[in-house]
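Q: Okay, handing you the structure first.
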Amino acid sequence: MHDEMKHVSRGAGAANRGFPVPAVTQGLCAMRCERDESLRTGKIWSGDYYNEGLVSKHDQVFDKLGEECGVFGVFGHPDAAHLAYYGLHALQHRGQESAGICISDGEQFHYHRDLGLVKEIFDGKIMSGLRGTMGIAHVRYAPSSEKSSAEIKMANAQPLVFKYREGDLAIAANGSLVNAKELRDRLERAGSIFQTTGDTEVLAHLIARSSHDDIVDAVKEALHQVDGAYAFLFLTRTKLIAAKDPHGLRPFVLGKLGDAYVFASETCAFDAIGAEYVRDIEPGELLVLELGSGKLRAGRFTEPKRRAICAMEYIYFARPDSDIDAVNIHMARKRMGRRLAMESFVDADVVTGVPDSSISAAIGYAEKTGIPYEIGLIKNRYMGRTFIQPSQALREQGVKMKLSAVRKVVEGKRVVMIDDSIVRGTTSLRIVNLLREAGAKEVHVRISSPPFQNPCFYGIDTPTRKDLIAAQKSVEQIRQAINADSLYFLSHEGLLESIGRGDGSEYNRGLCTACFDNNYPTRLYGIHEDERAGMKDGNEVLGGTSSELQFMSPRSDYAKV
């Protein structure tokens with residue numbers, strides 16, 4: 001889409017070797033009765049579901065995108081559990097459905113997981129039982145496609161803990177495997193039994209079927225069979241293993257705290273525990289740490305493919321104080337706002353951002369244009385997940401309860417409203433109307449990303465193409481639908497330059513922008529027919545028959561680690 005098409009104004013024309021069994025019933029996994037009952041019955045539960053008042057980015061009132069997960073790992077620290085606890089707090093924005101910590105003392109696992117926020121799940125008594133010097137931890141967001149029963153969500157809570165022929169194994173994952181369904185079908189026909197609905201258990205079965213006795217070799221063999229976006233942490237009684245997909249789609253970083261090693265989805269988790277950032281884990285890289293040695297072994301389980309870091313991490317998901325591949329998120333978003341101002345200046349009285357992920361871009365827009373930045377929208381951080389299954393009327397009221405306009409700021413003013421994306425369009429309409437009800441004379445919407453036209457298959461919970469407003473309507477039609485006086489989306493080139501990673505020599509500056517341009521970096525396996533529409537001719541889509549998929553035989557050419 002050409003840049004001039006992105007800016008419209010009101011009036012414009014325009015063989016089974018012992019499958020693993022999740023130890024779901026082991027450890028301290030009791031659900032809180034009150035919340036469990038409310039989830040099963042659909043009754044209102046009024047608990048504060050959000051860390052420090054954090055409101056989930058993807059809920060039933062707002063139509064924002066849903067993040068999938070955050071992972072944290074620690075090796076070689078006497079208080080591994082508390083480091084994991086604070087690390088998860090810093091990653092809470094990446095998932096609010098469930099959380100868990102699994103610690104090894106060198107002889108056995110101590111672990112706990114439950115539904116809810118980190119601060120709700122772990123107390124002093126539970127933490128005192130998580131003894132050991134190494135562990136992995138996880139926060140999870142349940143995708144909209146997942147059934148809503150508490151039992152299923154509890155089964156899918158991570159880290160998943162398994163017992164198989166070589167002993168105990170725990171896995172924490174961020175991302176999504178595009179060939180998971182085909183592998184799962186094949187495994188089930190071979191006799192495997194699954195107890196979760198997520199991708200991670202597929203990998204556990206592949207590890208269990210490996211001919212290798214050494215867990216590192218078994219993990220490498222399994223990773224050669226999966227495709228997609230992932231940051232994996234594996235824990236045995238004596239080893240911690242980290243792996244990142246060959247495209248580097250999901251963020252994954254390595255740090256140090258004294259002699260201890262730490263791993264996380266974002267660098268903000270290192271800041272929370274006083275750890276030093278060392279580097280980003282490379283695409284296709286496998287890192288191994290083992291008790292008794294303490295030395296980090298690094299190598300590749302496969303050759304890296306074209307780098308494709310998820311652009312939405314920079315736009316929306318990551319915390320502003322995090323760095324991804326040496327790019328600070330807050331500064332990148334400010335540059336998006338400044339570029340928006342260069343591409344789509346509008347004469348106005350005040351600039352405001354939709355909290356929280358759009359504030360940095362709004363500041364950048366204001367700095368570039370000279371239009372004052374004001375806090376024109378306030379988020380109620382303490383409402384909690386009050387509406388379990390809201391009616392449409394409650395959805396409408398829910399926007400007013402979760403967001404409110406500052407009348408003294410916007411009344412009688414021409415307002416530039418900055419947001420990071422438009423998904424279905426319903427939230428944008430509600431917020432525009434909220435500003436108008438507060439007396440705004442004009443509302444000009446500026447989006448710090450290109451039109452979101454395609455679903456993500458790499459770990460971001462997105463609607464199907466038919467539910468994405470930018471895939472169905474022109475920019476002018478979207479402007480009308482959200483009741484804005486003008487609407488502009490940041491250009492694709494503007495986005496790449498604003499993020500600013502690399503020197504321009506990598507394809508697409510090493511970013512995945514498939515949600516904007518349909519250029520998916522991996523094969524897509526067996527995706528639904530209505531999701532194939534509009535795919536680029538050069539994008540390879542595989543049919544979904546699992547008979548076409550063969551399990552990997554033992555190989556001798558794995559990268560040595």
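Sequential numbering from 1, following the chain as shown.
Every residue, even glycine, has its Cβ placed from backbone N, Cα and C.
Keep in mind that this is a model prediction, so the values were computed, not measured.
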Q: Given that TrEMBL lists Asp419, Asp420 as binding Mg(2+), which residue among Ser357, Ser360, Ser486, Ser491 does it place in the same site?
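A: Among Ser357, Ser360, Ser486, Ser491, only Ser357 appears alongside Asp419, Asp420 as Mg(2+)-binding in TrEMBL.
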Q: Hey, how far is Cys69 (active site, nucleophile) from Cys310 ([4Fe-4S] cluster binding site), Cα to Cα, in Å?
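A: The separation of the Cα atoms works out to 14 Å.
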Q: Round to a whole number and give the Cα-to-Cα distance in Å for the pair Ser357 (Mg(2+) binding site) and Cys310 ([4Fe-4S] cluster binding site).
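A: Here the two Cα atoms are 16 Å apart.
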Q: Go through Asp419, Asp420, our binding-site residues, and report the one whose Cβ sees the most other Cβ atoms within 10 Å.
A: Asp420
Q: In the same chain, which residues outside the set Ser357, Asp419, Asp420 have their CB within 8 A of the centroid of the CB atoms that define the Mg(2+) site?
A: Ile315, Tyr316, Gly353, Val354, Ser358, Ala361, Ile418, Ser421, Ile447, Ser448, Ser449
Q: Count the other Cβ atoms sitting within 10 Å of the Cβ of Cys456 ([4Fe-4S] cluster binding site), across every protein chain shown.
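A: Summing over all protein chains shown, Cys456 ([4Fe-4S] cluster binding site) has 21 other Cβ atoms within 10 Å.
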Q: For a quick check of packing: other C-beta atoms within 10 Å of the C-beta of Cys310 ([4Fe-4S] cluster binding site), how many?
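A: For Cys310 ([4Fe-4S] cluster binding site), the count of other Cβ atoms within 10 Å is 27.
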Q: Around the [4Fe-4S] cluster site recorded as Cys310, Cys456, Cys512, Cys515, what other same-chain residues have a C-beta within 8 angstroms of the site's C-beta center?
A: Leu249, Ala311, Met312, Tyr458, Ile460, Thr513, Ala514
